[in-house]
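Note sheet for the following structure.
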Amino acid sequence: MAASATATVGTKGVVRQVIGPVLDVEFPAGKLPSILNALRIEGKNPAGQDVALTAEVQQLLGDHRVRAVAMSGTDGLVRGMEALDTGAPISVPVGEATLGRIFNVLGEPVDEQGDLKNVTTSPIHRSAPSLTDLETKPKVFETGIKVIDLLAPYRQGGKVGLFGGAGVGKTVLIQELINNIAKEHGGVSVFGGVGERTREGNDLYEEFKESGVINSEDLTKSKLALCFGQMNEPPGARMRVGLSALTMAEHFRDVNKQDVLLFIDNIFRFVQAGSEVSALLGRMPSAVGYQPTLGTDVGELQERITSTLEGSITSIQAVYVPADDLTDPAPATTFAHLDATTVLARALAAKGIYPAVDPLDSTSTMLQPSVVGDEHYRTARAVQSTLQRYKELQDIIAILGLDELSEEDRKTVDRARKIEKFLSQPFFVAEIFTGMSGKYVKLEDTIKGFNMILSGELDQLPEQAFYLVGSIDEVKAKAEKIASEAKA
């Protein structure tokens, strides 16, 4: 493709038709641009308005015409305007220069911090790594967050679905993961805002600055690049911005040989934009009105997110489930690619358990003895069965009271409450508003702590000592402090 694309660099065509974000461009015979080439249209229309937009070639129509999808609004664009074939796909800046900056789908800075100087660029369309380059041995990605590492561990180079409504702590969890990979793994993160609210993107940027993930005084010390194609933008931008963010992440993995965290919020909007574009291009819709190429579109994005022998891209993807229907083709296609799911529960947030990760609903393909080891597996399953038993007993407790339970069940309830409290932990990025210093808990300390609760070693300690602490040593110290305060 590259050879034929290069041959048409600089070829000029003429816009013949504009229908919303879709335009037809006529080129000289034998000089048609390749599929996925970027076309640049700049100039003034007859009314004197400035027009500047990039469009991506999607179809070759015959009669020397191509059909392209605009990456920005087509307001002011008229028939007869000149379109230039760039001879290559859309390219975005990559490397250290992107850290601390916000880009649009075309890789243009939108944060009013000035243009990038002497920056390397990379095309957003490329093949997934070959099988021989992949790291096939499953490796757990330690996050330092107890509930995730113990019950739904992430795979290094894997894909995680993050499910949660408004106000349950999704953003704070994302920030903490970005903070932890920067400090503990020396890695960087890329955030792809796909089709979500502009206000949320702005709030997120400000929160990243407050928490120090983005250093506005010295951008070189930042550990995050952001790429946005929000709700108000045309479907072309929303369909491609995920690839722009992924391209930035791939450079850190392949060239800098780093472990990268890639956030996509929201993966459903990527599918939705593809559906809009498909309809605009006149393709026959598939099930529930989605594009017939749904599986291919999702696969092309997801298969590039992986671990290679050089480094890894671990992806956390927020998944919106339309009408809570998990059988909808969009989430159903996404689920096929996920290695783990992290479910945030409003009931836990209401109890003040943060992070509000549901220990019974969250899952991971990594939680098996052959991957995490027997001790980790046994501990995780024992924690889940204790919490499940507590859940079953709650109706009895509500009706008859705790005293009506057997001795064994009372012990189970007591330990389950301690486990629930111990699954909470203070976050580094929340220090500003909690006043508590954040904790990164090593996996071995997490397993040791839960084993001690399950074995009954800590039955004599008060429940409150387990709330919002890091390791089990802090629980003991907090219990002593509570005891001494009670005596005083």
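A Cβ is built for glycine as well, from the same backbone N, Cα and C atoms used for every other residue.
According to Swiss-Prot, the features are:
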- GLY164, GLY165, ALA166, GLY167, VAL168, GLY169, LYS170, THR171: ATP binding site (BINDING)
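Sequence-distant contacts of VAL168 (ATP binding site), defined as residues of its own chain at least six apart whose C-beta falls under 8 angstroms from its C-beta, comprise LEU344, ALA345, ARG346, ALA349, ALA356.
In this structure, GLY169 (ATP binding site) belongs to neither helix nor strand by DSSP; it is coil.
Cβ contacts within 10 Å of THR171 (ATP binding site), excluding its own Cβ and spanning all protein chains shown: 19. Shown are the binding-site residues GLY164, GLY165; of these, the residue with the fewest other Cβ atoms within 10 Å is GLY165. Within 8 Å of the Cβ centroid of the ATP site, not counting the listed residues GLY164, GLY165, ALA166, GLY167, VAL168, GLY169, LYS170, THR171, the chain contributes LEU344, ALA349, ALA356.
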